[in-house]
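Chemist: Got a structure for you, written out below as structure tokens; questions coming shortly.
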Amino acid sequence: MSDRGGIFAGDDPFAIARSWLAEAERTEPNDANAMALATVDADGLPDARMVLLKDIEGGAADGSFVFYTNYESAKGVEIEATGVAAFVMHWKSLRRQIRVRGHVTRVEPELADAYYASRPLQSRIGAWASRQSRPLASRGALMAEVARLGISLGLNPSRPPHWGGYRIHPVQIEFWADGAFRLHDRFRWTKSSYQGENSALRDEGQEVPQSLWQVCRLSP
């Protein structure tokens, strides 16, 4: 019998993630949507940085986590090469965290356009001016480029082709809550219905699992 209840209860990990994030937005002093995004470079070395989660889409069957960035940045190049990423969100005020691993795809251009248009004008110009992750002579050089582009692009710049969004489609989601004496609670959700695996099962005449996610309590 499962002892998964309280803040861990439910049959949709994306609903749980939304609930935790909403609670964190009421208790964290700033950037409750900050997440440490991990990728792997061409040499197999891990890389990590903080980015902002902008949406939790869908539900158990098709959910994803969305963020936006420069496609030509280090993280963009690494994601394009590997198609995978992981992230962790940790909230000190709640003493909880969420870990996610999965495959990554680009969001639709129309969605990226809409989000880009919602940003402050200076941020939109900055997306054009910054050659993210590449060497920069000085901050003065960057601000000069921002000023130049501010004049040439006007008040309604279009989205740069090198800037847009990514969706992380999880294969694993772990929910963690602090416990006394380091006896934490951890529940790992693992997606059990990979399309390739299901196709192989169907080809062999075997039954395809009906449960989309398998949930396992982990030792702290």
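Glycine is treated like the rest: Cβ placed from N, Cα and C.
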Chemist: Return the residue out of Lys54, Lys75 that Swiss-Prot annotates for the same substrate site as Tyr115, Arg119, Ser123, Arg182, Leu183, His184.
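Modeler: For the substrate site that includes Tyr115, Arg119, Ser123, Arg182, Leu183, His184, Swiss-Prot also lists Lys54.
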Chemist: Can you tell me the CA-to-CA distance separating Tyr115 (substrate binding site) and Val51 (FMN binding site), as a whole number of Å?
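Modeler: Answer for this pair: 15 Å between alpha carbons.
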Chemist: Across all the protein chains here, work out how many other Cβ atoms are within 10 Å of the Cβ of Lys75 (FMN binding site).
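Modeler: Other Cβ atoms found within 10 Å: 24.
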Chemist: Which binding-site residues (Lys75, Gln132, Trp176) fall within 10 Å of Lys54 (substrate binding site) by Cα distance?
Modeler: none
Chemist: Near Trp176 (FMN binding site), which residues of its own chain have a C-beta under 8 A away, given they sit six or more steps off in sequence?
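Modeler: Those within reach of Trp176 (FMN binding site), by Cβ under 8 Å and sequence separation of 6 or more, are Arg96, Gln97, Ile98, Arg99, His184, Asp185, Arg186.
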Chemist: Would you measure the largest Cα separation among Lys54, Tyr115, Arg119, Ser123, Arg182, Leu183, His184 for the substrate site and round it to whole Å?
Modeler: 43
Chemist: Give me the count of other Cβ atoms within 10 A of the Cβ belonging to Val51 (FMN binding site).
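Modeler: There are 18 of them.
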